[in-house]
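Feature list (source: TrEMBL):
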type     : residues : note
TRANSMEM : 5-20     : transmembrane segment
TRANSMEM : 26-48    : transmembrane segment
TRANSMEM : 60-80    : transmembrane segment
Amino acid sequence: MGSVFLNIIGLMLFMFAIGFEDNRLIYMAASVIVLWIAFAVTYIYFNRNKGTPLEALSKISYVISLFLAVMITAMVAISLHNML
């Protein structure tokens, strides 16, 4: 459940970065950090639930967090490259 909130916060920070011109780099960096922390949380959750009935749910959460972290990191890298 904590990873869901971290993913939402990371996505909200990225949306703030798109909307605000002044603090764009700070919001982008914060969103990437929060999303990778969410991925680490789901990785721990996935490893703890191997062999339990919650394994499928934790695997889905793991894949979604990885996808979000990689995609937002790539978007931030492209945005930073275009800004500089």
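Backbone N, Cα and C atoms are what each Cβ position is placed from, and that goes for glycine too.
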Residue numbers, six or more beyond the limits of the transmembrane segment (60-80), whose CB comes under 8 Å of its CB atoms: 3-4, 7, 10-11, 14, 17, 25, 28-29, 31-32, 35-36, 38-39, 41-43, 45-46
Positions on the same chain near the transmembrane segment (5-20), where near means CB under 8 A and six or more residues out: 27-28, 30-32, 34-35, 37-38, 41, 64-65, 68-69, 72, 75-76, 79
